[in-house]
C-alpha cells in the first residue's frame, strides 16, 4: 500500500513557487481534461464581438488565477491534513479552467491580463491568512469565493453571442465545477459568511472585473 509523502516547510514553499510560475507564465498550465470547446464549431464573429468575448474570458482567466492563489495560500497554512489535501485537489481542477480560458483568449487573438501577478499575490495572502485563522473560516472563504465566481459566470453566459458555442461550453463546465467546489467546502465544515462579508467580497470582485476586462 502506498504511503503518503510528507513535505517539509521548504518543500512546500518550493511547490508554491512552482505553482505560481505555472499559473502566471503563458502556456504553462497543462489541463488534465480536454477543453469543452474542442468539439464545438467555430463561430463567425465580428471584431467587436471577438473583443468583447476576449474581455469576458480574460476576466474569467484572472478569476481562476485568484482561485489558484487562494487555494495555494490556504493549503500552505491549513491545520488539518485532509483540509490541505482538499485545497490542493481543488487547485488542480482550477488548472483546467486556467488552460481552457487562456486557449480561448489566444484563439480570439488577445492575451491574459497583465495584472495577474498582482491579483495572484493578493489572493495568496488572503488565502494564507484565512488558513491561519481556522480551517472552518478557510473553507468558508472558498465557498463564498466560488459562489461569487458562479455569479460572474452566469452573467457572462448571458452576454455571450448565441453563436459562440466554444466559449459557452467552457463557461458551462466551469460553472459546474465551481458549484461543486463551493458545496464541498461547506460540507467539509466551512463557515457560512454573513451578508456584509459577502458584500465586501463582491466589491473586491468588481474591482478585478473592471480592471481586467481590457488589460
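Here the Cβ of each residue, glycine as well, is placed from N, Cα and C on the backbone.
Look at Swiss-Prot and you will find 64, 94, 97, 178 tagged as Fe cation 1 binding site. Long-range C-beta contacts of residue 178 (Fe cation 1 binding site), restricted to its own chain and to partners at least six residues apart, with a cutoff below 8 Å, comprise 146, 149, 150, 153.
Feature annotation from Swiss-Prot assigns Fe cation 2 binding site to 94, 146, 178, 181. Every protein chain shown contributes to the tally, and the Cβ of residue 146 (Fe cation 2 binding site) ends up with 23 other Cβ atoms within 10 Å.
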Tell me, how many other CB atoms lie within 10 A of the CB of residue 64 (Fe cation 1 binding site), whichever protein chain they belong to? 25
